Every structure is written in structure tokens, then in C-alpha cells.
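Listed in TrEMBL for this protein:
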type     : residues : note
TRANSMEM : 22-42    : transmembrane segment
DOMAIN   : 33-274   : domain 'G-protein coupled receptors family 1 profile'
TRANSMEM : 49-68    : transmembrane segment
TRANSMEM : 102-128  : transmembrane segment
TRANSMEM : 140-162  : transmembrane segment
TRANSMEM : 168-192  : transmembrane segment
TRANSMEM : 213-235  : transmembrane segment
TRANSMEM : 255-276  : transmembrane segment
Amino acid sequence: KNITDLSLNITDCTQVVVPEEVFFTVAAAGILENLLVLIAVVRNKNLHLPMYFFICSLAISDMLGSLYKTLENIFIILCKMGYLTRRGDFEKKLDDAMDSMFILSLLGSIFSLLAIAADRYITIFYALRYHNIMTLRRALVILAIIWTFCAGSSIAIALFSYEAATVIPFTILFPLMMFFILCLYVHMFLLARSHAKKIASLPTSTVHQRTNMKGAITLTIFLGVFLCCWAPFVLHILLARFCPHNPYCACYMSIFHVNGTLIMCNAIIDPMIFAFRSPELWSTFKKMFCCTR
């Protein structure tokens, strides 16, 4: 808030404010959609597969992102109404908890995308050994490790957010993980292109290859949506930390509410991708709403 006030004094850019009605509507839609994904996977035993468990992990991350922005907006409204102060001990603890939830959502999304990418890579290039490599138990262990690490990191970063030794690794982690996933994609598509020619003569190769490549394309859409929705907000945090007095940085920070809304839009778009590109999940949704057997 202090950085925002200072920014308004050193730039002519008008702060863009998203109406509260729009804000809460987008947040509620994101939470409900991802909750439906979780319920669908739990109810349909055919979806009890490592891939869908990783998708559930991404859905939980999206829910946390929407919940974080919703609670943050509620606390801002309460501050404006005078029910909360800006520098009290209780408010500081709330702020630390909100920061921890934000970091948990961001890290959870990154590592969930990484797990989905690795699972898709194994599916495409080790199809015959997939069920031996990626067992359900191994997938649950991977998810437990991911969320334990993310929870510990989010608490540590929230408590020591003013230390350079904490901010710098967090700053490096986001582009590093995105670069790693991008390299995995490039490697995946290059290998898929060369393998397509070698196995074209097999009777079942065409259907199998199309199915696997469809999953790879879905994963690419996930990554593109994630970057478009999260990168502006992460950039806002970095600018607020490293150049709050620069007029150009302050001008970019004037669209803070728009960047926050993009995070919640990510929570809405991801479940739509699940539903439209997964026939099994789409069928489960129809059975849930139409009450068919």
C-alpha cells in the first residue's frame, strides 16, 4: 500500500480499478469450476490415474490463487471501512498468511505443470513401460513431496520476504522453472516428430500418436495460459521490490488490480481446457449435471 501511494505521487498514470462485483464474480467462478474438477475425479474411478491426480494438484493451486485474491480484496474493503488497521499486529499476521497463500499457489502451479509435463513425456516416449514407471503410488509420493516443499517454501518466503537471500531465489525460480518446462516441450516435440516417421507403419501407431500429441498440445495450452495470467503479477512484485521509485515501474504498478484479476482468470480457463480436451472428464461432468447413470 505504501508503494502504491508513493507510485501515484511520481507518475501521471491513473490507477486502474476493477469493480468489486466483477472481481468477486470471477473469483467465485474459478473456485467453483476447479471444485467441480476435483469432485469429478473423486467420483469417477476411471479418472483415478496419475495424470488426473496431477491435474487435481493444478486445480487446487488455481483455487488457492482465487481464494488468495478474494480474501485480499475483502481485507482491503475492511481497511477502508475502518474495521482493520494497516500496521497492527493482527493485520501483519494476516498479511503474512496471505503472502504465504499466494506463494503456495504460485509454486504449486509451477510444480504441478512440471509434473504434468513429465507425465506426458513418459506417456509419449515410454508408452509400453508407462504403467511400471508412473504408478499411482509413485504419483501420490511425488505430489506429497511437491506440496510439502511448496508449503515449507511459502512459509519461509513469507516470513523472510524482506531478506535479499529470500527474494533473489524466488525471483530466479519462476523463469528457471518456465525455461526448464519449455526445454522439455521442445525436446518432446522434436522427438515426437522423428518417432512419427519410424512408427508410421505400425497399425495402431496413428491413433496412439494422435492421442499422445493431443495431450502434449493440451499441456502447451496450460503453459501458455499460465504464463499470460501469472507473469504480469510476478513482474509487478519484482518491480515493487526492486524499483518502486521509478516512474515507469510505478506506471506499470498502476494496473495492479488487472494483474490480480488475470490470476483468477487462469483458475477459470484451466478447468475449461480439462473439460473440452478430455472426453472422460467431459463425460463425467455431463453425468454430474444431467444425473444420468
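One-based numbering along the chain as shown.
Even glycines carry a Cβ here, placed using N, Cα and C.
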Which of 22-42, 49-68, 140-162, 255-276 contacts the transmembrane segment (102-128) most, counting Cβ pairs under 8 Å: 49-68
Long-range environment of the transmembrane segment (140-162) - Cβ separation under 8 angstroms, sequence gap at least 6: 53-54, 57, 96-97, 99-104, 107-108, 111-112, 115, 170
The domain 'G-protein coupled receptors family 1 profile' (33-274) [mean pLDDT, rounded to integer]: 79
